[in-house]
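S.K.: Provided herewith is a single structure, encoded as C-alpha cells, for subsequent inquiry.
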Ligand code: GDP
Ligand code: IMO
Ligand code: MG
C-alpha cells in the first residue's frame, strides 16, 4: 500500500480540510505532517461547520486513525481548546487521535517572540498568524526545541532553559513580558500539557510504517500551500516549514518510494493572506467581488484575504515541485456569475515573456499576461455530476488541463461535503 498526499498549490486556504474529509473513507489513516495552529481547515456537513487547526481533517468519518506527525508544531493550549470543542460536539477524539512524541511544542514565549519579531520588522513584516510558528521552527532547527516526548522526562529543567533563552531575546527586542502576565500564560500552558498527555503519544514513524507493512493506506494532509513553503515559496513571505510533498516524508518518517498519488488542490482563482508578492492580485472591484462571493476571510485570524485571478505560471511550478498526479479544483461556484474569467499564462518582466516561475515575484517587476475565457453564467452549486456542467465550464476545465498537463479529477462546487463532483478518469 502507498501513501497519498493532499496539499495546497497556492498560498493556502485552497479547501484542503473539505477534501480530506471527503477522501477519508478511502483510507485507514489521515496524518498531518507540518505546520501547526496557523492552519485553519474548514469542513461543512449536515448543516454544521468546523474549523480545525492542529487536528487532522479525518476525524469526522468512520473511526479512521488520525495522526499528528513529528513535523507538526503544537500549542498545547490551542490544542486543548480545539479538542475540547470537538469532544463537546460528540467526537470521541481519544479513540482516533494519536500524536507524535517528536512534534515540537509552541511555548507561550514563542508567541511573544513571533509578535516581537514582526514588530521589529516594521513595514516589511511577514503578516504571520501570530501563533509562534517561526520561533518554534527556529528552535527546532537550531536544536533548542522542546518536543512533546520531552514532557515525559526532566521537563521542568528543559522548559526553564528554553524560557530563559527566549526572555533574553525578548529583552533585546525591548519586548520583555510582564512577569505576572507570563506566569498566568505558563500556568494555563502547563495544565494543557497535562491534558495533552492524556492522549496516546506515539513514535509515529514506527506506527505509520507498521500500518504500511500491514497493507493499510494513509492520506497525508498538507497545511498552508506550496507558495508558502520555506524553500520554494515567495521567501521571506512564507511560513517556516516545508509545505511541499517532500515535507510528508520528513514530517512523518515516510520513505519517498512509498508516496503514491499526489493530490494538488487549487482554487479557480487565487488568494493570499498576510504580506508578500502576489502577481495576479486584483485591487479593483473584481477582487472585492471575489472576496465577497468566496467569503474570503481567514478561518483563524478573520483577516481579509487578498484576491486575484488564477496564476498558471505559479501553479505549473507547484505541480512540478510536488509531483502532482491529480488536480482538485475548488470554489469554481464563486465564479458562476462572472461574464469573463482570466487566467495568467505568463509573466512579463522587463519586456520579456517568462513562463518559468522566477526567483523573485515582486509585483512591481511583473506584469501578468492573461488569457480571457467566457464565463459560464450558471449556478452550479446543486449539480450532481459533471454531465450537468455548462459548456463554458467544461471548456475552462479542458483549458486548465491542457495548460497544466495534469488531470482535474475532482471539482468542488460549494463548501459542503456533498458539493463535490468526481470526474471520470
Ligand atoms: P484550507 O485551509 O485549505 O482547508 O481552506 P480554508 O478552510 O481555510 O478555506 C476554504 C474556505 O472555502 C472555507 O470557508 C470552506 O468552507 C470554503 N469552501 C471549500 N470548498 C468550497 C467550494 O467549492 N465553494 C465554496 N463556495 N466554498 C468552498
Ligand atoms: P491553511 O493550512 C493561509 C501565512 C500567514 C503569513 C505567512 C507566515 O489554512 O491553508 P506563520 O504564522 O505561518 O508564520 O505566517 O503564512 N499562513 C497562511 N495563509 N493559510 C494558512 O494555512 C496559513 N498559514 C500561514 O498569513 O503570511
Ligand atoms: Mg485555511
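Residue positions begin at 1 at the first shown residue.
Placed from the backbone N, Cα and C atoms, the Cβ positions cover glycine too.
Pasting the relevant annotations from TrEMBL:
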type	residues	note
BINDING	12-18, 40-42, 305, 331-333, 412-414	GTP binding site
BINDING	13, 40	Mg(2+) binding site
BINDING	13, 14, 15, 16, 38, 39, 40, 41, 129, 143, 224, 239, 303	IMP binding site
ACT_SITE	13	active site, proton acceptor
ACT_SITE	41	active site, proton donor
ACT_SITE	140	active site
BINDING	299, 300, 301, 302, 303, 304, 305	substrate binding site
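Show me how these features fit into the structure around them.
M.R.: According to its DSSP assignment, residue 42 (GTP binding site) is in a strand. Cβ neighbour count for residue 42 (GTP binding site): 18 (other Cβ atoms within 10 Å of its Cβ, all protein chains included).
In this structure, residue 13 (Mg(2+) binding site) belongs to neither helix nor strand by DSSP; it is coil.
Mapped onto three states, the DSSP output places residue 224 (IMP binding site) in coil. There are 31 other Cβ atoms within 10 Å of the Cβ belonging to residue 224 (IMP binding site).
Counting only residues at least six positions away in the same chain, the Cβ atoms of 40, 225, 267, 271, 273, 296, 298, 299, 305 sit under 8 Å from the Cβ of residue 13 (Mg(2+) binding site).
Non-local neighbourhood of residue 41 (active site, proton donor): 16, 17, 18, 20, 51, 52, 53, 57, 221, 223, 299, each in the same chain, at least six residues away, with C-beta under 8 Å from its C-beta.
In sequence order, 73, 104 are the residues near residue 140 (active site), counting only same-chain partners six or more apart with C-beta under 8 A. DSSP assigns residue 140 (active site) to a helix in the three-state reduction.
Mapped onto three states, the DSSP output places residue 302 (substrate binding site) in coil. In this chain, no residue six or more apart from residue 302 (substrate binding site) has a CB-CB distance below 8 Å.
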S.K.: What does DSSP say about residue 18 (GTP binding site): helix, strand or coil?
M.R.: helix
S.K.: Consider the binding-site residues 12, 15, 42, 224, 413 and say which one has the Cα lying nearest the Cα of residue 304 (substrate binding site).
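M.R.: With Cα distances computed to residue 304 (substrate binding site), the winner among 12, 15, 42, 224, 413 is 12.
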S.K.: I need the CA-to-CA distance for residue 42 (GTP binding site) versus residue 224 (IMP binding site), whole Å please.
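M.R.: That comes out at 13 Å between the alpha carbons.
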S.K.: Rounded to a whole number, what is the top Cα to Cα distance in Å among the residues the record ties to IMP, namely 13, 14, 15, 16, 38, 39, 40, 41, 129, 143, 224, 239, 303?
M.R.: 33
S.K.: I'd like the Cβ neighbour count for residue 40 (Mg(2+) binding site), meaning other Cβ atoms within 10 Å of its Cβ, all protein chains included.
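M.R.: Step by step: centre on the Cβ of residue 40 (Mg(2+) binding site), count other Cβ atoms within 10 Å, giving 19.
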